[in-house]
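Visitor: Dumping the structure here so I can ask a few things about it.
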Amino acid sequence: MDRGYSDDPPGNARETSRQLSREQLFVLISAASINLGSMMCYSILGPFFPKEAEKKGVSNTVTGMIFGCYALFDLLASLVFGKYLVQIGAKFMFVAGMFVSGGVTILFGVLDQVPDGPIFIAMCFLVRVADAVSFAAAITASFSILVKAFPNNVATVLGSLEIFSGLGLVLGPPLGGFLYQSFGYEMPFILLGCIVLLMVPLNMYILPNYDSDPGKHSFWKLITLPKVALIAFVINSLSSCFGFLDPTLSLFVLEKFNLPAGYVGLVFLGLALSYSISSPLFGLLSDKIPHLRKWFLVWGNIITAVCYMLLGPIPVLHIKSQLWLLVLILVLNGVSAGMSIIPTIPEILSCAYENGFEEGLSTVGLVSGLSSAMWSVGAFIGPTLGGFLYEKIGFEWAAAVQGLWALTSGLTMGLFYLWEHSRRRRSKLQNILGTEEERTSLLPNEI
């Protein structure tokens, strides 16, 4: 049923072929299924869970912690699974993660039968943590398998698959809200959980096995590379910017523009759609013209910072807040996010290989685990800090503070690239001068 693939270097003829092989097509289908399924499972809670939790006697603070614990355990699990990917096996990790994710999604659907108070809260935390760990396993394995199957087109493939992530985020809340209104609390979770579980046997059959030897390098060696540390900071800032909008934007829109609750989701649509549509383009450009990646990383962050300054907009600009302007800024933010996020994994991989990391599944596992973990850090800080700042200084200033994080990461990355370019030029010049001196010293002997 499955074929085993050895840990080949990433440049063989089969992989550089323009036509997708059967295995590559199957890998794409598997990755698309987990991106779509996991994002729908993640976003389905938003429209109605806080209301149900309130009925069970859960405070808003505890509800926020139930949402927030997901990112925290996703962070821890990503680091562990990235480190032990080769020992566990990428295919097993992917399929097992998907199976557990489907199961706990169904379990979330029966929590309304649990007694009110501490028991309900404890069960919510347990199920949410299990979902985070299973998601981390599936996504870490998915990234690693994708990089192994498409070593020369990593950014293109990751960018194209963001369409399914965006689709999951867009479809999750309205689908969940519709099923909740029509059939009650259980139906959204049971239906979605069953769909995810049905994908398990399909992926067991079509997903290829990739064999590899455990690597000698660690997360610590990877994260202490200056370039990798700075890119990790970029991932943090972008994830935090996305997370900031979750607890704040809907409240701001309801208060400022008096929109009906049903229309608030449409405001988020601009961000999700523009990100999903632009990501494949930036992925393609990142692979075809690799030196553009650094410019995407720097300018993507700077444009994101400007977007957050204009979301309110910040009071010092004296620009009147209008709904069309807010939607336009969110659309631009989706494009700038795609510009910044897509080049991060190819840049970390190339930096790791330049610094002596072996070109195999073990390094890919470290990189995908690190990327997922750094994203989770931002996903935890963004909503937590955003909610706090929203209460203290209002949405306009809170968004501007969030924008400063993206501006700092973009400028720091830009300064690093300038320093790196200067160092390489100096090194090249020294090599040329050294060669000239060698040639001059040899001339008398030749005569």
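All residue numbers here begin at 1 and follow the chain in the order shown.
Cβ atoms are placed via backbone N, Cα and C, with glycine included.
Where the annotation comes from TrEMBL, it is an automatic prediction and has not been curated.
So TrEMBL lists these for the protein:
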| type | residues | note |
| --- | --- | --- |
| DOMAIN | 27-426 | domain 'Major facilitator superfamily (MFS) profile' |
| TRANSMEM | 25-45 | transmembrane segment |
| TRANSMEM | 65-85 | transmembrane segment |
| TRANSMEM | 92-111 | transmembrane segment |
| TRANSMEM | 117-147 | transmembrane segment |
| TRANSMEM | 154-175 | transmembrane segment |
| TRANSMEM | 187-207 | transmembrane segment |
| TRANSMEM | 228-245 | transmembrane segment |
| TRANSMEM | 265-284 | transmembrane segment |
| TRANSMEM | 296-317 | transmembrane segment |
| TRANSMEM | 323-342 | transmembrane segment |
| TRANSMEM | 363-385 | transmembrane segment |
| TRANSMEM | 397-419 | transmembrane segment |
Visitor: Go through 65-85, 92-111, 154-175, 296-317 and flag the stretch with the largest number of C-beta pairs under 8 Å relative to the transmembrane segment (397-419).
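Guide: Answer is 296-317, with the largest number of Cβ pairs below 8 Å.
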Visitor: Can you work out whether the transmembrane segment (296-317) touches the transmembrane segment (228-245), with the criterion being 3+ CB pairs under 8 Å where the paired residues are 6 or more apart along the chain?
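Guide: Taking Cβ pairs at least 6 residues apart, the transmembrane segment (228-245) and the transmembrane segment (296-317) are in contact, with 3 or more under 8 Å.
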Visitor: At a Cβ cut-off of 8 Å, and with pairs 6 or more apart in sequence only, do we get at least 3 pairs between the transmembrane segment (363-385) and the transmembrane segment (154-175), yes or no?
Guide: no
Visitor: Going along the chain, which residues at least six beyond the ends of the transmembrane segment (323-342) come within the CB cut-off of under 8 Å?
Guide: 155, 158-159, 162, 234-235, 238, 241-242, 253, 257, 259, 267-268, 270-276, 278-279, 281-283, 286, 296-297, 299-301, 303-304, 307-308, 310-311, 313, 410
Visitor: Does the transmembrane segment (154-175) come near the transmembrane segment (65-85), with 3+ Cβ pairs under 8 Å (pairs 6 or more apart)?
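Guide: No, since the transmembrane segment (154-175) and the transmembrane segment (65-85) share fewer than 3 Cβ pairs closer than 8 Å, they do not count as touching.
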Visitor: Report, as numbers and ranges, which residues of the same chain sit near the transmembrane segment (25-45): CB under 8 Å and 6 or more residues beyond its ends.
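Guide: Counting only partners 6 or more residues beyond its ends, the transmembrane segment (25-45) has Cβ contacts under 8 Å with 67, 70, 94, 97-98, 101-102, 105, 108, 131, 135, 138-139, 142, 145-146, 149-150, 157, 161-162, 164-169, 171-173, 175-176, 188-189, 192-193, 195-196, 199, 202-203, 206-208.
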